[in-house]
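Swiss-Prot annotations:
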type: BINDING; residues: His219, His233, His293, His306; note: heme binding site
type: BINDING; residues: His381, Pro382, Phe383, Thr384; note: FAD binding site
type: BINDING; residues: Gly429, Pro430, Tyr431, Gly432; note: NAD(+) binding site
type: DOMAIN; residues: 332-437; note: domain 'FAD-binding FR-type'
type: TRANSMEM; residues: 29-48; note: transmembrane segment
type: TRANSMEM; residues: 75-93; note: transmembrane segment
type: TRANSMEM; residues: 126-149; note: transmembrane segment
type: TRANSMEM; residues: 218-241; note: transmembrane segment
type: TRANSMEM; residues: 292-316; note: transmembrane segment
type: TRANSMEM; residues: 339-359; note: transmembrane segment
type: TRANSMEM; residues: 555-577; note: transmembrane segment
type: TRANSMEM; residues: 598-619; note: transmembrane segment
Amino acid sequence: MEIEKSNNGGSNPSAGEEFKDMIKGVTKFLMMVIFLGTIMLWIMMPTLTYRTKWLPHLRIKFGTSTYFGATGTTLFMYMFPMMVVACLGCVYLHFKNRKSPHHIDRETKGGVWSKLRKPMLVKGPLGIVSVTEITFLAMFVALLLWCFITYLRNSFATITPKSAAAHDESLWQAKLESAALRLGLIGNICLAFLFLPVARGSSLLPAMGLTSESSIKYHIWLGHMVMALFTVHGLCYIIYWASMHEISQMIMWDTKGVSNLAGEIALAAGLVMWATTYPKIRRRFFEVFFYTHYLYIVFMLFFVLHVGISFSFIALPGFYIFLVDRFLRFLQSRENVRLLAARILPSDTMELTFSKNSKLVYSPTSIMFVNIPSISKLQWHPFTITSSSKLEPEKLSIVIKKEGKWSTKLHQRLSSSDQIDRLAVSVEGPYGPASADFLRHEALVMVCGGSGITPFISVIRDLIATSQKETCKIPKITLICAFKKSSEISMLDLVLPLSGLETELSSDINIKIEAFITRDNDAGDEAKAGKIKTLWFKPSLSDQSISSILGPNSWLWLGAILASSFLIFMIIIGIITRYYIYPIDHNTNKIYSLTSKTIIYILVISVSIMATCSAAMLWNKKKYGKVESKQVQNVDRPSPTSSPTSSWGYNSLREIESTPQESLVQRTNLHFGERPNLKKLLLDVEGSSVGVLVCGPKKMRQKVAEICSSGLAENLHFESISFSW
């Protein structure tokens, strides 16, 4: 009877699911309306209609208050709407995450949306870009061009030889100064979006179906635009001042208007960051790239001091959301987490297993940032989570490949003969998609190279857990993996967890693995004899299980933080302005120091964010701390020097009982000395909807994207997972 009920629920959504869909639809509609309204303001901003009709009316309505003064205009026009959108996004994601596992969102079923997500450009400076991404990029560039051309046309129309002579300028100098100003205005539009892709816990990205990792390329594009526009903006002003014999303007700090020196400091910080993003520098000297990016604090601080707080609110909403996310990550990273065990594979791969709060739920392909102070106190590195919160509710695992200096030091420490009782670790995350609707496909093909297999381990484990606990149909799984050496086959041992499975894989799981070893012609002695070393740690009682900093209802709490911190900010600023600034300045903006006013706003924003985030964290820690204390496991375990060898490469030499691992081995085909024929393997997969995921080298991702976009098979739906930034 229970099975019949579940099956009916899979095809006919319950009233509860329909209500959630309705709430999601309403919130997403409101988000879209408000966001499009903000875009409309940007479109109208350079026009004469906005300047002569809209702006005077808006200033009378919002800019004459004794509580906010002239700042109220941009505060309520740009800052307030985006905060509402972010809060609505939190509500949307809360209900989205509450859907049943067999319920498929209407927007993910396919059709036109699936075609728009197909790759359009495979090779080139932009990387692999879909039709949707190209469309939005073109629309954004069109917005920038529209604003710049309209600004110039309207400003140049007022510049005449007579007006230029009145300011002791030639015509070209007046036009150069006008163009320089407009370039800065266009840069502010790009800056408004710059920090949203790197706000890992933001509600805006997952509400649009994006993750922070997949959105890094948008941050890169926007970063290049911002720095290009601001650099030309600064150079034009330097040329203008030099031609006017006013080069001393470069060191001017006007406390009642624009501070040139502050702008130059901001630009210098931005140029240092921009220089380290050069691919060769970023890849060879990642630490330099990583550390110099902390100059964003200097960049934003002096940008606000340069233009003043009132104009900054046009570009500050994204940075405000980023600050909330950044401080929450800071609070989470202050605690050490409980590291239970480490496995070292023959392929120089390490699996770290942590204790996890059972209420922490994350989606497959999520990542987590890890810091190990004994190796480096400052470096944080992202790693893919390989475990499934459904299959292993109290454990979380990540896989680390020995490649750079940091991972090499970790491998040396874990491999040393000296016994390690404890390893202090701090984490940030997990971060990932709000949901992963793999069930919408009839078949799932995962193509990976080397350590690119790690995100797919979590996908497979999640589908296995779903097959054990739910009655929905599981897609056929094909894992195509390419390794350089036979010793790397041992990474397939990580596909299944050490515990949490039944005696055999469920018959509902139709999984096939095609493993290609490109440089070896057989398994080799190293792969046959390689031992898997396992270490068990004895964590300190002060170590915490990994948990969400805001508890199980994290999206609602994030919305509450955004709303309350912004409300507190407005209340405090309203009081300060009404009873301190207004009696001095009377809304003239000519008496009270603009620099002092800006610093007050920055301090109030910082205090509001820190206070609300800390209060929310302490509340959730107090509420769910008791649950976590009951999860403390007996960590006084032996530390064996090695465990059984890998299941691959020698299975024909031994007889073992039926286990999930052996069941997986039987479904694996090993191909030595050859590369996968991706075109044949992908086109041979049957099904009306085939999800194709790829994670690996750039050429592999491009090849798979080219096949999926070629039109040879309309049923292939491409998705790339890249961590090469």
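Cβ atoms are placed via backbone N, Cα and C, with glycine included.
The stretch from 126-149, 218-241, 292-316, 339-359, 555-577 that makes the most Cβ contacts under 8 Å with the transmembrane segment (75-93) is 555-577. Residue pair His219 (heme binding site) / Gly429 (NAD(+) binding site) shows a Cα separation of 20 Å. Among the binding-site residues listed here, namely His233, His306, Pro382, Thr384, Thr384 has its C-alpha nearest to that of Gly432 (NAD(+) binding site). The NAD(+) site, placed at the center of the C-beta atoms of Gly429, Pro430, Tyr431, Gly432, has further neighbours from the same chain whose C-beta lies within 8 angstroms: Arg200, Tyr362, Ser366, Ile367, Met368, Ile385. Within the domain 'FAD-binding FR-type' (332-437), the DSSP-based counts of helix, strand and coil residues read 13 helix, 38 strand, 55 coil. Annotation: stretch 555-577 has the most Cβ pairs under 8 Å to the transmembrane segment (598-619), among 29-48, 126-149, 555-577. Counting in whole angstrom, His293 (heme binding site) lies 14 from His381 (FAD binding site) by their C-alpha atoms. Within the chain carrying the transmembrane segment (126-149), a Cβ under 8 angstroms from the stretch's Cβ atoms is held by residues 39, 42-43, 45-46, 115-120, 182-183, 185-186, 189-190, 217, 221, 225, 701-702, 705, 720, all 6 or more beyond its ends. Proximity to Pro430 (NAD(+) binding site), judged by a C-alpha distance within 10 Å, picks out Thr384 from the binding-site residues His233, His306, His381, Thr384. In sequence order, Phe369, Val370, Asn371, Trp406, Ser407 make up the list of same-chain residues 6 or more apart from His381 (FAD binding site) whose Cβ falls under 8 Å from its Cβ. As a whole-number mean, the pLDDT of the domain 'FAD-binding FR-type' (332-437) in this prediction is 88. Annotation for His233 (heme binding site): same-chain Cβ neighbours under 8 Å, separated by at least 6 residues, are Ala180, Leu181, Leu183, Gly184, Gly187. Site extent for heme: the farthest pair of Cα atoms among His219, His233, His293, His306 sits 23 Å apart. Here the binding-site residues are Pro382, Gly429, Pro430, Gly432; the one with the fewest Cβ atoms within 10 Å of its Cβ is Pro382.
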